[in-house]
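Have a look at the structure that comes next, please.
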């Protein structure tokens, strides 16, 4: 039952994305197609293509495409992502933002919606000619048109990847940047290629208005641009481009979380270093204490020191010194002090105040020798 519920939930989500993308693409292209038809119909009586528009037409068409995309992306990005473009869908699939199955649903929705939008504009606006098809301007070769569409699409797709796919503090205004990027590309593209940047935009218009022999450039050009934009995006992500500009893209909450994470790591490293240092200090003190005691006895084994008065084992009451809750004798292992920390690892002689000494085998030996010399007649 759980598996079936998960499968049904996935299908439901794909259907919602399909529906949102269909409606969003339809509205985007309906107003874009309609605006282009309006701009061309007022100045030309019988054109079959959009070719060599004057500056007013160019600005009008670029603005209607840019604003229509901005508004509808802002509406539908919460539902389906607001892609409205098969080239954008493929780019997001390549970088891993949209899954392959979801991409198929969205791709189909975009193509079907483009046909529906073109049919709606054709049927609702007066006139018998489709004036919103994409076509190459006179003198523009097919190769030129192909690469122009590629570069126009790179601009649009890379804007989407950096503003929408990358989650930063300015993601909520990404639709503005996306619409502006389309507007910029249309300012140049409308005059030379019709400014498709979108296979669905070109396909829907030509289904209603008739296909041209070079229609394929409006598929291949944008797809090439999408792949190149996605590839460049992957390269800079691999190179960790975020480190170049520091934390300027982080919100206040993200900066606080990052600072807290750094502080925790720093504290953890400090604790590990302190513990390792205390452990090593305890071992060194233990070995130094044993070596110093051995050095006070000569090689003959008679118990007399090489350059000091004879060593006499101090009485039991002089072998002890205060230490927290227990009494530690001379032959006790000093290495265990490493686990007590700086507070519990205090070693002193009976004659000295506790706050003057810390754990030190060398100091203990010096004090013990001084006491023995003082007691030797």
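Cβ atoms are placed via backbone N, Cα and C, with glycine included.
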Is it true that Swiss-Prot lists residue 138 and residue 204 in the same topological domain, i.e. on one side of the membrane?
yes
Looking at 40, 294, which is the one Swiss-Prot tags with N-linked glycosylation site?
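Annotation hit in Swiss-Prot: 40.
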Would the transmembrane segment (15-35) and the transmembrane segment (88-108) count as touching if the test is at least 3 Cβ pairs under 8 Å, pairs 6 or more apart?
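Contact between the transmembrane segment (88-108) and the transmembrane segment (15-35): present, because at least 3 Cβ pairs are under 8 Å.
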Could you check if the transmembrane segment (216-236) is in contact with the transmembrane segment (57-77), meaning 3+ Cβ pairs under 8 Å among residue pairs at least 6 apart in sequence?
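No, the transmembrane segment (216-236) does not contact the transmembrane segment (57-77).
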Excluding the flanking five residues on each side, which residues at least 6 beyond the ends of the topological domain 'Cytoplasmic' (78-87) place their CB within less than 8 Å of a CB in that stretch?
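Sequence-distant neighbours of the topological domain 'Cytoplasmic' (78-87): 16-21, 24-25, 28-29, 69, 72, 98, 106-107, 109-111, 153, 156-157, 164, 175, 197-201, 222-223, 225-226.
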